[in-house]
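Engineer: Dropping a structure here in structure tokens format, bear with me for questions.
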Amino acid sequence: MSARNILVINCGSSSIKFALVNEAQATFPLQGLAERLGSPEAVLHWQLGDEKQSLEIPGAAHLAALEQLLPLAQEAAGGKIDGIGHRVVHGGEHFTGSCLITDEVLAAIRANAQLAPLHNPANLIGIDAAFALFAELPQVAVFDTAFHQTMPEHAYRYAVPEFLYKEHNVRRYGFHGTSHHFVSKRAAEMTNLPVEDSCWLTAHLGNGCSTCAVVNGESRDTSMGMTPLEGLVMGTRSGDVDPNLHSYLHRTLGWSLEQIDRMLNHDSGLKGLSGLSNDMRTLYEARISGHPGAMLAFEVFCYRLAKSLAGMACALPKLDGLIFTGGIGENSSAVRSRTLEHLKLFNFKLDEQANARCTRGVGGEIQAAGSPRVLVVPTNEERQIALDTLALLDV
Ligand SMILES: Nc1ncnc2c1ncn2[C@@H]1O[C@H](COP(=O)(O)OP(=O)(O)O)[C@@H](O)[C@H]1O
Ligand SMILES: CC(=O)OP(=O)(O)O
Ligand SMILES: [Mg+2]
């Protein structure tokens, strides 16, 4: 049997990420596809226009993009795609692992759309488009939430009346599980520690940001909650605010729930604090030239991240290393450095040369001699999705 090709589709709220993975090689040569779309990267990031980054998401734009992309992907794979893996953000309590997509699975994903309104509807567009074009291929859903189903009840329950959990699914789920899982496994490999006897704090810092405590290969706690809004400061999301903010804004300003949701999900975070941008690269430049909003956004981001990591440490019996990943975690030596300055009690110290070297896909250990281990580990959610898909094609 020749090595199989897996197409990975990650339809996000404002972008479609896309990869082709061949089981015999770490990266699939995507030249054909990359050239046709004018991108030299192996994992293509197809950004939808800025004007589309809103709640009124343009199903049509996602669909149109996929209708153009999928045939090109098939061509790039030499006409042979053996399975399709989809990132699905919210699987609720229903899914503790990846699974083949059936009608029942699709119904369960639709039922969870309320809990991840920015993500699940976009994920469903990807699945529908792939079924329309490749009806005969097995398709697999890989859930952001599945890795966190090992959290103990004291970590996943909110202190609200029990019936809200039992009858209405109100609990913490956690997200970015594919990434936290991938980087913690990879960190164990990089340090020659057995996955089943190693403990990590992970910080996934992309557009969405979350921390996780990983004990012996399992998630024990994470900063995101019922939806991907809880926890850290993110690109456009506020992270934690006082839950009374909703009623306060409603009573004092007359804002509707939709307005408040929109403000917290789209107009807050780095963008709201800086008044400038949700992009850490822009904020970095602006901060150097003294932009007060950019300086404040950077400081709040790093302090809140440090505070979350310190909290996550409660779930660990020991610490083998702190891992930075995601676009910001992998590239911003300034964020890594400033965050660790807030964690003095942990004795973290960085080797600033090693810290500066870790960017653009270069990972490694960055702590100074004698400090607890700190690693930069490039994440690869697409590869983990491909591996899960291959495993399900075998059963
Ligand atoms: N060189 C860099 N320095 C600082 N931040 C960076 C750099 N490259 C990318 N980023 C940041 O990474 C974030 C996007 O991360 P990414 O993991 O690609 O997001 P997504 O959640 O969409 O997968 C953006 O805030 C971007 O500014
Ligand atoms: C769950 C989540 O926040 O995902 P992303 O970072 O892709 O927005
Ligand atoms: Mg991401």
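For all residues, glycine too, the Cβ spot is worked out from N, Cα and C.
So TrEMBL lists the following for this protein:
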| type | residues | note |
| --- | --- | --- |
| BINDING | Asn10, Glu381 | Mg(2+) binding site |
| BINDING | Lys17, His204, Leu205, Gly206, Asn207, Gly208, Asp279, Met280, Arg281, Gly327, Ile328, Gly329, Glu330, Asn331 | ATP binding site |
| BINDING | Arg87 | substrate binding site |
| ACT_SITE | Asp144 | active site, proton donor/acceptor |
| SITE | His176 | site 'Transition state stabilizer' |
| SITE | Arg237 | site 'Transition state stabilizer' |
Engineer: Among the recorded positions Asn10, Leu205, Asn207, Arg237, Asp279, which have a Cβ atom lying under 6 Å from any atom of ligand 2?
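Structural biologist: Listed by sequence, the hits are Asn207.
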Engineer: Asn10, Lys17, Arg87, Leu205, Arg237: which of these recorded positions put a Cβ within less than 6 Å of any ligand 1 atom?
Structural biologist: none
Engineer: Look at each of the recorded positions, Asp144, Asp279, Glu330, Glu381, and point out the one with the fewest other Cβ atoms around it within 10 Å.
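Structural biologist: Sparsest of the recorded positions Asp144, Asp279, Glu330, Glu381 by Cβ contacts within 10 Å: Asp279.
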Engineer: So of all those recorded positions, Asn10, Arg87, Asp144, Arg237, Glu381, which one's Cα sits nearest to Arg281 (ATP binding site)?
Structural biologist: Arg237
Engineer: Counting distance between Cα atoms, which of the recorded positions Lys17, Asp144, Asn207, Asp279, Glu330 is nearest Arg237 (site 'Transition state stabilizer')?
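Structural biologist: If we rank Lys17, Asp144, Asn207, Asp279, Glu330 by Cα distance to Arg237 (site 'Transition state stabilizer'), first place goes to Asn207.
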Engineer: Which one is it: of the recorded positions Lys17, Arg87, His176, which Cβ has the fewest other Cβ atoms within 10 Å in this structure?
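Structural biologist: Fewest other Cβ atoms within 10 Å, among the recorded positions Lys17, Arg87, His176, is found for Lys17.
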Engineer: Pick the one among the binding-site residues Asn10, Asn207 whose Cβ has the fewest other Cβ atoms within 10 Å in this structure.
Structural biologist: Asn207
Engineer: C-alpha of Leu205 (ATP binding site) to C-alpha of Asn10 (Mg(2+) binding site): distance in Å?
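Structural biologist: For Leu205 (ATP binding site) versus Asn10 (Mg(2+) binding site), the Cα atoms are 17 Å apart.
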